[in-house]
């Protein structure tokens, strides 16, 4: 087959395309068989999707555990050719059975099914309406599940997992007593998917609860007729999951191939920065041996790029890692989100739009805040999400300070003044369609005591409970104030480096104070106290120098008119409007004297603006076992927010922790520490003071919902639980009748070959005067139809037919010419 014909199915339309290696050629796998993989084969999977206005393509070559070396090499070659066909931009992945990446598993929401055999043993991917099946599937996992064909025996069972006995027209689900509701729900959805996609919706499904087998005697009879007498079930087997701490260790290597010898040189360890990557070279990034990335620079030769995967495999062998280690190769300029998140900061130069710009004291780079239309925030939650704003900050505000570990109200005239030695709670109330919504900010000063920090979190829980868990809780570390927090104080937010505002404990005002003022409107302006020295100045900002006798408002050359106007409003607040304006370069000598003398400061021309290139990511978090486990959910939708889970949405400049209504008490209580541990163990070396927002199911603000396409507030009230889906299956009567009929069919077995004695429909439709085969009972012609022909003729299964009244059966047989 020519490459042009093999890749004819490829387009820019968002979809999944799967090929199987058959006799060293590519063969398309039908859509109905997607997610089914034969253990003796190799596959190539192409994912095409749109991320904003950009096209994202990923090529995965999958290796079955029983596939041959020739098939594996062939799959690797076709992967390279497909990459070339698509212009070299896709991310390439090497996937090994049982060790697939979260990205790969995420494509198959209903789960992956491993099937025995392969091309060499004549196994084909069949189309819909095939009933000649007899297999036992071992289902593992809760979110991205995998189902493996195992021996048809009770010895295959264990108490912690779910098993599906698939008999073609009947699927029986057996739930291990120690399996959880999430696993049972996913297994049931897989059973329904098999029924609908492979059996045309005609198979019957039954469920046995492993700890209540006596409640399903009919279904247990079917299991024992098929598997033999029930034996003792094995104990549960724990899933091998790499915890977040293990994944946090990363190492970057430079790769060269001198005289045919692989040479790797250690470059750096965590935290990594983007500048370490030279565009003319190739690099390997080793994530604790759990995953290997190969980065191919734009200037690397074609030969070097094509050899990237083989270099990775050589590296794995050299390090003594398992051959199943996941490998991902990325191209310079088209890196995956998984790769970029391993770096402390990944930015794209010369862009003026995107997620959070960079600001830091003493450096020239600064934030450019754009104006936005407040009216869009609730009608278009995606705008609220991008702007990090639920409204314009004009709601009701209450402020408390932690004093002697208790909450003390802060008088209105002191709203907006925050001291680094204190902790505060700020409750913000706003209305949406006449219904109150709440945000509870927990502001923690840099110099607050450990007891005060703990008390602020504890008191926040108390306030939250007063409102029945409705408030969104936001932890704010000093200096990391979110935009909406600043908007609450309408451009009059002042942050003192230390001290306290408690009555009787106020410290005397120092003789000289310097405030850095940045922001260009009332939604993003604050004054932050910095060290009173010339080195603190920045040409792109406005500074207020305040003494007991005189005040100076210093305008940096790079500050804008809007920034200067907002600074004047803060002068009114801090100095009663009495401050001399000083332009950079025209400072009087006393200005420098007050700052301890003139010294160098950040006064170069404005740095090239950078836009952080980040992708919003969703994770399932768990610490039930004492280990912090994080599982990424790729291509996420609202349906991935399960009521029984705690989910983490990472937008890089802030982290949302979503708590499902059915999450266990331990995880609810440890929500904040869960988010903090995520930041601390993040392989890129994330800022541990990143704002954390704790959100409860049913109280999601638009800043959260805007990251999900077509958010539906009624999805959980309308969605069906495991028990509801189970009840829809009805009783086991039809299954018992079908299996009884299947047993009766053994009366028509050919003793010589053990195969059912079925006849083609046209043979059985012969008239009374035409001879039928000797062993066919003319009154029971339907018994000689294969399962597939039976459904084709009658439109119902054999079990459903048997359940009908005798007169109805006779009528149907007459109508179809079988009587």
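The backbone N, Cα and C atoms fix where each Cβ goes, glycine too.
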Swiss-Prot annotation, phosphotyrosine - which of 293, 496, 678, 748:
748
For which of 85, 98, 722 does Swiss-Prot record the feature phosphotyrosine?
85
Per Swiss-Prot, the candidate from 107, 283, 555, 758 carrying the annotation phosphotyrosine:
758
Rounded to a whole angstrom, what is the C-alpha distance between residue 85 (phosphotyrosine) and residue 758 (phosphotyrosine)?
49
On the DSSP side of things, how many residues of the repeat 'Gelsolin-like 1' (24-73) fall into helix, strand and coil, could you say?
8 helix, 27 strand, 15 coil
Using DSSP, break the repeat 'Gelsolin-like 3' (262-306) down into helix, strand and coil residues and give each count.
8 helix, 21 strand, 16 coil
As a quick check of your reading of DSSP, tell me how many residues in the repeat 'Gelsolin-like 6' (628-669) are helical, how many are strand and how many are coil.
8 helix, 15 strand, 19 coil
Residue 85 (phosphotyrosine) CB neighbourhood, other CB atoms within 10 A:
15
Within 10 Å of the Cβ of residue 758 (phosphotyrosine), how many other Cβ atoms can be counted across all chains shown?
19
